[in-house]
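Annotated in TrEMBL:
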- 21-44: transmembrane segment (TRANSMEM)
- 31-464: domain 'Major facilitator superfamily (MFS) profile' (DOMAIN)
- 84-104: transmembrane segment (TRANSMEM)
- 111-131: transmembrane segment (TRANSMEM)
- 143-164: transmembrane segment (TRANSMEM)
- 176-199: transmembrane segment (TRANSMEM)
- 205-223: transmembrane segment (TRANSMEM)
- 268-287: transmembrane segment (TRANSMEM)
- 318-335: transmembrane segment (TRANSMEM)
- 347-368: transmembrane segment (TRANSMEM)
- 380-404: transmembrane segment (TRANSMEM)
- 416-435: transmembrane segment (TRANSMEM)
- 441-462: transmembrane segment (TRANSMEM)
Amino acid sequence: MTTKVSPSDRKKAPRVFSFHSYRLRICILMMLALTITHCMRLNLTIGIHCMVNSTLLHEKYNTTLHKGSENTGSLDWSPTEQSWIFSASSYGSLVATLLSGYVADRFQPKIVITLGILGAAMMTALGPLLASNSYWGFFLSRTIQGISGGFIFPAASAMASRWFPPMEKSTLGSIYAMGNALGGSMVPMIVAFLCTTPLGWPSAFYAFSIAAFLYIILWIFFVSNHPSSNRFISEREREYLEKEIDFHSGVKGNHEEKGPKNFPWTKLFFSITLFANYSCQIAYQFTQSTMQLFLPMYFRDNLGFSIKENGLYTTLPAVLYVVMGLVWGALADFLKKKKVMSKQMTTKVFQSISSFGTAFSLLMIYLIPSEKHPNLVLPFLISYGVLFPAGVGGYFTSLLSVCPRFTGTVMSINRGWGMIAHLGTPMLMTLLSYLDLSYKYFIMFGMGAALEIIAGSLFIVFGDCEVQNWAKIDADQATLDGETAEERNQKIA
């Protein structure tokens, strides 16, 4: 017979931030999965400047020869070829998006994450060999890496539905979701350092692939799909989680049950509430891609930064993003808990801070600094790093709330829209480079600002954080051991 978790049971179970909390360890491992995957994808953002030879490019393609250039690369990839390489992993991720959400909701996320990281690690390890011998071989490896990595985040979301109790999902969700930002903050400085080692730029590939292989061992050994099948979790935490967690099947405690068989595809794709979220993801991904892929190029081309300066300035907003993401998430929960603002108002206010604050920062990053006064970019890098992650209390909270039973699928669709934006970012830069426009960076930053303003406006009008009617469990499915549909839907909300 199904029972509710009593207050005394909650007290017996380890707190989420307790040393004995195994669900926190699972959350940290999920975060590291995203971190390592992101590191393997982003190692090119700084590494490409070490891989190509600036002098050779200047002579062959009449590119700008930047002062302070310290790379000793031997590759002569044109600016257009470099842009296509940046796009390769996005092509792969876009392909994976077609299946990743459904697979994550229906099947075992542990296997999905294991195979995804393994595939990405193998392609990263082969990267130096392929890059030195075949441009298209390297392009293919980056595409396969994108396919492998595309399964990680939806599978992590499906894992969260099996391990995180309803009252802890926001806190733990914000932690594991920081994995991408953590990877983004680590990559510039690490790769800039590795490029100066005797092994040179290949070490940026070998180091991250070795880290991924070691991580897979930890993941396989310590992680299970459900608390009920984990051999390391304490008995009292296992009992607490089994009683507290509602899995997708609608049967409380039935953690081995696969996910829902019937998916409301029309609503998942075209619900106006979800579309407002998807618009925020498009703006988010275009902005993040611009900053991660082309901010180093902007610093090099327009502000004359050296590789080491580039790594330092590029790392700053990424580090702030990691820290402030946790701060904004905690603040949003605090405001809702103290009833300072309603859940609806909180999400809209936080998304407005993120969207409109980011738009302002992007424009100022381009308009204010110059090659004579490059340090003027610093305050606007800080404002970007502080304001951009406020979306964790906005559209990201909405995505986790509006249809809990289909979280993996929603995250997959959301990722698909994001991948289109991510794919379009280097394609747009490729076009602008081909046209040889001197103001190409203004177009990139301006486009990001425009998308942020549009997305923020749409979310203010159509955003929501309540469980949608079409996502709720039907009465006949929900009634179990005297529990009504209303009670069940309140639980998943």
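Using N, Cα and C of the backbone, Cβ positions are placed for all residues, glycine too.
Counting Cβ pairs under 8 Å that are 6 or more residues apart, the transmembrane segment (111-131) and the transmembrane segment (416-435) reach fewer than 3 and are not in contact. Counting residues 6+ beyond its ends, the transmembrane segment (347-368) has Cβ neighbours under 8 Å at 280, 283, 287, 290, 298, 328, 332, 341, 376-377, 380-381, 383-384, 386-395, 397-398, 441-442, 445-446, 448-450, 452-453, 455-457, 459-460, 463-465 in the same chain. Using a Cβ-Cβ cut-off under 8 Å and counting only residues 6 or more beyond its ends in the same chain, the transmembrane segment (21-44) has close neighbours at 14-15, 51, 85-86, 89, 113, 116-117, 120-121, 124, 142, 145-146, 149, 152-153, 156, 159-160, 163-165, 168, 172, 175-180, 182-184, 186-187, 190-191, 204-205, 208-209, 211-212, 215, 218-219, 222-223, 227, 230, 232-234, 237, 241, 292.
Note: the stretches the transmembrane segment (416-435) and the transmembrane segment (268-287) are in contact (3+ CB pairs below 8 A, sequence gap of 6 or more). By the count of Cβ pairs under 8 Å, the stretch nearest in packing to the transmembrane segment (318-335) among 84-104, 176-199, 205-223, 380-404 is 380-404. Within the chain, the transmembrane segment (84-104) has long-range Cβ neighbours (under 8 A, six or more residues past its boundaries) at 41, 44, 48, 77, 112, 138-140, 142-151, 153-155, 157-158, 263, 293, 408-413, 415-416, 419-420, 422-423, 426-427, 430.
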